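Chemist: Mind having a look at this structure? Questions to follow.
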Amino acid sequence: MATMTSLAVGSLVWVEDPDIAWIDGEVVQVNGEDIKVLCTSGKTVVVKASNLYPKDAEAPPCGVDDMTKLAYLHEPGVLQNLRSRYDMNEIYTYTGNILIAVNPFRKLPHLYDSHMMAQYKGAAFGELSPHPFAVADAAYRLMINEGISQSILVSGESGAGKTESTKLLMQYLAYMGGRAAAEGRTVEQQVLESNPVLEAFGNAKTVRNNNSSRFGKFVEIQFDRRGRISGAAIRTYLLERSRVCQVSDPERNYHCFYMLCAAPPE
């Protein structure tokens, strides 16, 4: 937070706003703890110094791809950076080795084709634009080079895109460790094809998302010494069992209930 000593007339700051979360402005008067700020929206507000955050006047308008480069890593600074990149259709941003994804709520197939996977194959982390493929490639390389198991944690609120991100990570690992199918489907194909089944029995419609995972999922993919996928195990846990007997309007139960009820006679 901005301190009283650093605040002076002309200082650029962030002020909390009830409608758009944060709005930037300029300090026009300092009266002890009370600071008068002229916001870029045109309105003038008086707030406590402890509720203000400094704004970086030199931050690039298009944002930065790694937020460790920001002068101020506070909430309004982070949100403004994510918004600037989102406005340019850049939905991925790093904070160190953490990848932040902002749901575009539309399909972006050009970001995930085989050409894109080939670009990230073997590229140093941070060399190319932020992407789930970069995270998956870094984990795969560490596993191969050091012979140590790696974990990728995917977290976020409902509708953030965790399920889609997990599919993309698995898609890349299947690309790196896949092999031609000799008889029937390969292990990686079976892992990827298991997603619709898991989603039918573990996903439901919520207020925020039509296909929201109501369970935790631990996907373990095993590789041999040559880096090829040799097996996989998918463990589900923390299933939201209360949804089976109680559903709030306008939410729905697990997809499988509706599929079973509407299934054809055969």
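Glycine is treated like the rest: Cβ placed from N, Cα and C.
From TrEMBL, here are the annotated features:
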DOMAIN    8-57  domain 'Myosin N-terminal SH3-like'
DOMAIN    62-266  domain 'Myosin motor'
BINDING   GLY156, GLU157, SER158, GLY159, ALA160, GLY161, LYS162, THR163  ATP binding site
Chemist: Limited to the domain 'Myosin motor' (62-266), I'd like the whole-number average of pLDDT.
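Modeler: Reported value for the domain 'Myosin motor' (62-266) is a mean pLDDT of 90.
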Chemist: I want to check the contact list for ALA160 (ATP binding site): same chain, sequence separation of six or more, C-beta distance under 8 angstroms. What comes out?
Modeler: ALA101, ASN103
Chemist: Near the Cβ of GLY159 (ATP binding site), how many other Cβ atoms are there if near means within 10 Å?
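Modeler: That number is 16.
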Chemist: In the domain 'Myosin N-terminal SH3-like' (8-57), how many residues does DSSP assign to helix, to strand and to coil?
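Modeler: Helix (H, G, I), strand (E, B), coil: 3 helix, 30 strand, 17 coil.
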Chemist: Around the recorded ATP site, report the further residues of that chain (criterion: Cβ within 8 Å of the mean position of the Cβ atoms of GLY156, GLU157, SER158, GLY159, ALA160, GLY161, LYS162, THR163; site residues excluded), sequence-ordered.
Modeler: ASN103, ASN209, SER212
